[in-house]
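Annotated in TrEMBL:
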DOMAIN    10-147  domain 'Glycosyltransferase family 28 N-terminal'
BINDING   Thr17, Gly18, Gly19, Asn129, Arg170, Ser198, Gln299  UDP-N-acetyl-alpha-D-glucosamine binding site
DOMAIN    192-358  domain 'Glycosyl transferase family 28 C-terminal'
Amino acid sequence: MKSDKKSKLIILTAGGTGGHVYPADALAQELSERGYRLMLVTDKRGQNNYRGKLGEIENRAVLSGALVGKSKWFKIKSLVKLAIGTLQSMWIIARSRPCCVVGFGGYASFPCSVAAILLGKDLIIHEQNSVMSRTNRFLAKYATVAATSFPRTKYAPAGRCSVQTGMPVRNSISRLFEQEYTPSSETNPFNLLILGGSQGAKIFGNVIPQAIKQLPPELQKRLNITQQCRRDDVESLQKEYENSLCRTTISHFFDNMPELYANCHLIISRAGASSVSEIAAAGIPSILVPLPTAADDHQTFNAAEFKNKEGGLVIAQKDFTEQRLSEILTFLIKNPSKLSEMSINTKKFAITDADKRLASLIEKQLKRG
């Protein structure tokens, strides 16, 4: 059986941001373990962002372009790039003869996904967010099946063409699901992890240090803060914390996320699909601040699903003030039993075998074909 699978190639195609990278990488690992050959098709930007299993497999770069929120001439240029990228993808598919194409959204996935449709190849798409992206909305009309992360995904096709598999999460993080949350006692350090993302780091850098300074001194002294921010903001953010009593570790990138998740007591984060899925898998209490400018406001919908399980607190960005955050942090740090309750509820959102579910869905479609 395994030798038969070795003759089957599956093409994965995805954009280069973390929300597309991590689920694609988790699926690549699972499919590889099942004996499939894999190829990644993305754009030049995407090639630079892929690590893990995706960084090991054969990859191809094609032209692509975004069509949203730009000038008329930019859109025309993007359309030309997409057309060329589709032709490039058709050539790649014709030469490599994959059994199917799996798309994870993002404009870099569009050319290869369209090429699969034009050449009559099975196309399986995966939507990470609770609101289907415009790219996936178009592709879903022609895809063999659309897999979703959330039980209720806005704009997902109805009927058997839409299947909830959950959001594939890296194995190193999904394994944390079995770890029991241990709250910090009154005399021990309290580990706060802050994940702003490239689009969320600025307001987090403005609000959070000032909120920390408003905490009672005895609480400040307990805090170990690990904060991710933009590369250009590392030095200025360090200065923001200078007059506080907490200990800080600030960087634009952390390569030890499983360790950080395992040791933290509370997370402040945006509400991207990868973020909320990893938080749920690790069972960490959270304060979510949806990015209001996210496409179709999908982060607000993501956070709402999370909030429904009572696993995290959600603060709209307009309400994310120093005073409000300081009050919430004071309450949570002083009430470890509340954090334990939030951890239990957070795990109710998790689907830790989403990579296996998605891989099995793909195999099911291949058998039908």
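A Cβ is built for glycine as well, from the same backbone N, Cα and C atoms used for every other residue.
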Confidence summary for the domain 'Glycosyl transferase family 28 C-terminal' (192-358), mean pLDDT rounded: 93
Cβ neighbours within the same chain of Arg170 (UDP-N-acetyl-alpha-D-glucosamine binding site) - under 8 Å, at least six residues apart: Tyr22, Asp25, Ala26, Gly52, Pro258, Glu278
Tally of DSSP helical, extended and coil residues in the domain 'Glycosyltransferase family 28 N-terminal' (10-147): 70 helix, 28 strand, 40 coil
Gln299 (UDP-N-acetyl-alpha-D-glucosamine binding site): secondary structure state under DSSP, collapsed to three categories: helix
Local Cβ density at Gly18 (UDP-N-acetyl-alpha-D-glucosamine binding site) - other Cβ atoms counted within 10 Å: 15
Cβ-based isolation winner (fewest other Cβ atoms within 10 Å) among the binding-site residues Thr17, Asn129, Gln299: Thr17
Three-state secondary structure, which DSSP defines for Arg170 (UDP-N-acetyl-alpha-D-glucosamine binding site): coil
